[in-house]
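**Student:** If you scroll down you'll find the structure; I have some questions about it.
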Amino acid sequence: MFTKQSLVTLLGGLSLAVAQTTTEGYPSLAEIRAAQATVQPYSPVSNVKGLTFNRFVNIWLENTDFDAAAATEHLPVLAKKGLLLNNFWAVTHPSEPNYCRHLPLGDTFGMDNDDFHQIPSNVSTIADLFDTKNIAWGEYQEGLPYPGYQGYRYPESGANDYVRNRNPLILFDSVTEDALRLRQIKNFSSFYDDLENHRLPQYMFITPNMTNDGHDTNITFSGDWTWGFLSELLENDYFTKDTLIMLTFDETGTYEIGNNIYTFLLGGAVPDDLLGTKDDTFYTHYSVIASLSTNWGLPSLGRWDCGANLFSWLAKKTGYVNYEVDTSNLYMNETHWGPLSDDDYSEYYAGWPVPTTDASCSAGNGILSTVKKTYEGLTATFNYTTPFPYDSRSGNNVGVKYSRTLKNGKVESGTSE
């Protein structure tokens, strides 16, 4: 077995997450075969009515500039069937911190790499938000050998089929230490079984393998795969009814430009008046967590999801006013400091960033109670109430102007500094 050790240490006085040593391993083929024969997927279902959609499907492709995706044969055709989010931004480089930031956590803790990580169990995730309303969730990872597989990749050699660093919730001990949660991380065979048997969850994250997502091929290949994957699903009423389907990318392929990524929404929950149009509202990966919280009345994690803009029609329905962001000086291509840094592209620092605990946040439902309890009395490390992440200490995304005009005519504005 191949082993790599990485120690995550904490600042002594603020040990709010348990330090531990993580082990990157490749189970033997015999161990994998045994697990395949015994570990069964877990497919909970729920029917919690949302404000504007009842199911959310998130599909990620890899490493492509906006213009390159827009020039493909199939992706613009699909986008015209729904709503193109013209101003949607990834939040850093490389890939793994975007996966971590977007779905489970709302932060990266300094992650500037695609390493093997295990994040302590008292760090809250989006799964904890869903649990407050008993909303069923699931991940579908193409090439995963069995539900809840925790190895770094599969197979160990050859083409990159499944890789751990594209599997957001497997990074968290609060998921891997829970047998039911772990079995909700499944493969594509389980996806089609769940589809056929009408037991899809209300939230799902879908990761193609490294060939189909374009990482080891190109955008033409991944665009063709997307067309083949989605075309049949879009004809399935069970899949599309009251469903919002997002197709997006983890990051741009060019690191020196702004991290604006090609993103569009499909499905029966896209408002009729928005079909075939473009939305120029400023969004980030964090906007997804914030919009899910708004849709289902969930609290915030108190991190960068707190101040993120909401999907425009959701904001209109709730009365929240999104910020306009001047992106002329915005790049979103660097990671803030933290304990998961390799000290290469961000600064390693042993202390874990403290979330905000007293903000109402854009979703309007306050902060998750366990987050408030864990960090009670501490001051937030960053200004998590802004519509994009920035850090004065490292100089990331500073000097960016943002503003909004409230319904009473009052103008609120600021500059990240």
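Here the Cβ of each residue, glycine as well, is placed from N, Cα and C on the backbone.
The following feature annotations were taken from Swiss-Prot:
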| type | residues | note |
| --- | --- | --- |
| SIGNAL | 1-19 | signal peptide |
| CARBOHYD | N122 | N-linked glycosylation site |
| CARBOHYD | N187 | N-linked glycosylation site |
| CARBOHYD | N209 | N-linked glycosylation site |
| ACT_SITE | D216 | active site, proton donor |
| CARBOHYD | N218 | N-linked glycosylation site |
| CARBOHYD | N333 | N-linked glycosylation site |
| CARBOHYD | N383 | N-linked glycosylation site |
**Student:** Would you kindly give the Cα-Cα distance separating N209 (N-linked glycosylation site) and N218 (N-linked glycosylation site), rounded to the nearest Å?
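**Tutor:** Distance between the two Cα atoms comes out at 13 Å.
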**Student:** Please list, in sequence order, the residues in the chain of N187 (N-linked glycosylation site) that are at least six apart in sequence and whose C-beta is under 8 Å away from its C-beta.
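**Tutor:** Residues satisfying the criterion: Y140, Q141, E142, G143, L144, P145, Y146, P147.
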**Student:** Out of N122, N209, D216, N383, point to the one nearest N333 (N-linked glycosylation site) in space (Cα versus Cα); all of them are recorded positions in the record.
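**Tutor:** Nearest listed residue in space: N383.
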**Student:** If you count Cβ atoms within 10 Å of the Cβ of N122 (N-linked glycosylation site), leaving out that atom itself, what do you get?
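**Tutor:** Its Cβ has 14 other Cβ atoms within 10 Å.
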**Student:** If we check Cα distances from N383 (N-linked glycosylation site), which of the recorded positions N122, N209, D216 wins as closest?
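**Tutor:** Checked the recorded positions N122, N209, D216; minimum Cα distance to N383 (N-linked glycosylation site) goes to N122.
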**Student:** Would you count the other CB atoms within 10 A of the CB of N333 (N-linked glycosylation site), including those on all shown protein chains?
**Tutor:** 21
